[in-house]
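All remarks here apply to the structure that follows.
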Amino acid sequence: MKRDSQTGAVPVMVPVPAEAPYTYAVPAGMTVEPGSIVRVPLGPRLVAGIVWDGDGGAVDAKKLRPIDHVFDCPPVPEPMRRFIDWVATYTLSAPGMVARMILRAPEAFDPEPWIEGLKRTDAEPGRLTEARARVLELAGDGLAWTRSGLAHAAGVSSSVIDGLKAQGVLAAEMIPPRPVVAPPDPTYGGGRLSPEQADGAAELCRTVAEDRFSVTLIDGVTGSGKTEVYFEAVAAALAQGRQVLILLPEIALTQAFLERFQDRFGAKPAEWHSDLPPRMRERVWRQVAEGQTRVVAGARSALYLPFPKLGLIVVDEEHDPAFKQEDRVFYSARDMAVVRAHIGGFPAILASATPSVESRVNADQGRYRRIALPSRFADAALPDIRAVDLRRAPPARGGFLSPVLVEQVRRTVERGEQALLFLNRRGYAPLTLCRVCGHRFQCPSCSAWLVEHRFRGQLLCHHCGHHEPRPEACPECGTFDHLAACGPGIERIAEEVVGHFPEARTIVLSSDMLGGVKRLRLELDAIAKGEADIVIGTQLVAKGHNFPNMTLVGVVDADLGLANGDPRAAERTFQLLSQVTGRAGRTGKKSLGLLQTFQPDHPVMRALVSGDAAAFYEREIAERERSGLPPFGRLAGIVVSAETRAEADGHARGLRRAAPPAHDISVLGPAEAPLALIAGRHRFRLLVHGERRSDMQGFLRTLLANGPKPRGSIRVQVDIDPQSFL
DNA sequence: AGCACGCCGACT
DNA sequence: GTCGGCGTGCTC
């Protein structure tokens, strides 16, 4: 429905934390409709907003200000507006703050300018040089070329082009902006699927053909070719003329994925992530909004692109914690992808070698369909996994590598193959203390231990980023040279490895590596080409890279992360270590995974060693049911952040006064925080459990209106899968 | 979220 | 005497 000056006023969602859209006057002669992107005055500034649905509501006529401008831009589609409303309600955040996420490419609201192209005319050049001849041969196709494109293709400098233009041999003609990516061709590649893969692909294609909401979990071991299987569903959706969104965790590093996509579809997908240059960002946004870009591979924020004809969402590595956004609006992109599919009435696909417990449960209970791919593709064999009991085979004094592991590294390197040593801890040592007075180096702002980074000569807080130079003397007692590094980080493991294997080519990889993402990509390429013998890395090596010659993976401290009080600790560790050991043996060579552990009988270690994931999941599910945690129909509650224990206790008192008796309020320190989702800067949290979502929302509203005002923020912990609320 | 206004400390 | 810290409050 179009609205103009007859209607007078429309609701506009503006990017402020207001509960509802604001109302603006539509000036005479202006036409807007729900979804129109407009520029409106807001206080002293002009902001972009989205015309919302319904009427303007009862706002003082004298408060109304007129819409300043309507952008020449496709309106935000209806399903997208419903999605924003839904996410806002679900996360209890202001709808304007959710809407803000789709307005993050401000330059894209105006059409992309046409560019000047050059076209061959009938005129002949005065003198036909060799360079000119090459240009004219290309331009003879009758199509308009860009100046630089033509010069590049003909292998001449652009002055040759300018000369021809001056003589009227080439004439300027405006051409539409180039697409950011070539259109994908659903029939380009493919066809090299195993029977198991082909069955899975056929099933997925059927869900796409149904053209209605469904969720399918692809549960396939690492190396089973899940990607190629869901590519067939992508092809099916493309053939229907729909757009496709593929969500990936940390896409900036997944170059390999883009190449696999290109092998199947003959062109790369458009990328969407925070490292995208602003210009590119705008072009992608615009071309998605116009329906021109057919496939986007993106990080979680790609959910907020204004797709007009979205027909499929794939969430790859669906278990990955990177899908959880924890600033401003708190949400899990995996869950919101399911919601988006539900609102749009199309299928969603979740893929993982190690699905999250909640997705497993959803599949078990029939809310999700399930496709299992239990075997590796082609000649790749799963590595043989063994636990190394550190009580029986302890490392040498001062070291962290068991003789068993050192020996396997030696054999691997001697065979000319690669070994990966995995430790999920950056830096040299996680704790530094003074051997004379016992002083421990602590972060002044968040009281976590400071991690020594020997290479940089600094002590770093991994929590807040605080850093200070590593002192020579103890700041407490002043003693020189008696500071002791406690425990291992990858820098220290690297030191130990160099001690054992001085001749081997060793690479250390972690997210804080100097040179950033670019350098990391180069190093990963170098490893894949065999330019290293031993790789020592943190969890970033677990993600999606293929190292064809990697036949040994040693996990230095497999127990790390099991005892941090997080009820997902076992699940997370299982997922991470499965991914890490899955790096080995991808080309069919016999390969080995060694888990150094003090708890070889721990369910995680047993599951990894036996390969019996099903038993592990069953146990985890039973464990969760016992403790009443999601995903079992119980809302996790409200989180109030506080800096100190006293402050947290004060808030708890206030909450108990305000809360109905059915709510169970507890104050939690970081160690007992019941869900990993709430790892944040604040040290204490109040958790309020309630049985019903509506109760919790009502309670929160009351609390916000007249409860205690915490200095920090009030957040809602919503970690339960949204399907039960759809 | 921005951006104003507003009221108390160290400086051209 | 002013520049500037961030606390409170408002934006259709």
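Every residue, even glycine, has its Cβ placed from backbone N, Cα and C.
Where the annotation comes from TrEMBL, it is an automatic prediction and has not been curated.
A:C474 (Zn(2+) 1 binding site) falls outside any helix or strand according to DSSP and counts as coil. Positions annotated as Zn(2+) 1 binding site by TrEMBL: A:C434, A:C437, A:C474, A:C477.
According to TrEMBL, the Zn(2+) 2 binding site annotation covers A:C443, A:C446, A:C461, A:C464. Secondary structure at A:C461 (Zn(2+) 2 binding site), taken from DSSP and collapsed to helix, strand or coil, is coil.
Under the heading domain 'Helicase ATP-binding', TrEMBL lists A:207-373.
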A:C474 (Zn(2+) 1 binding site) and A:C443 (Zn(2+) 2 binding site), distance between Cα atoms, whole Å: 15
Shell of the Zn(2+) 1 site beyond A:C434, A:C437, A:C474, A:C477, same chain only (C-beta within 8 angstroms of their C-beta centre): A:R435, A:V436, A:G438, A:H439, A:P475, A:E476, A:G478, A:T479, A:H482
Neighbourhood of A:C477 (Zn(2+) 1 binding site), C-beta criterion under 8 angstroms, separation at least six: A:C434, A:V436, A:C437, A:H439
Cα-to-Cα gap, A:C461 (Zn(2+) 2 binding site) vs A:C474 (Zn(2+) 1 binding site), nearest whole Å: 18
Sparsest Cβ surroundings (other CB atoms within 10 Å) among the binding-site residues A:C434, A:C437, A:C443, A:C461, A:C474: A:C437
Collapsed DSSP category at A:C443 (Zn(2+) 2 binding site): coil
Averaged pLDDT, computed only over the residues in the domain 'Helicase ATP-binding' (A:207-373): 92
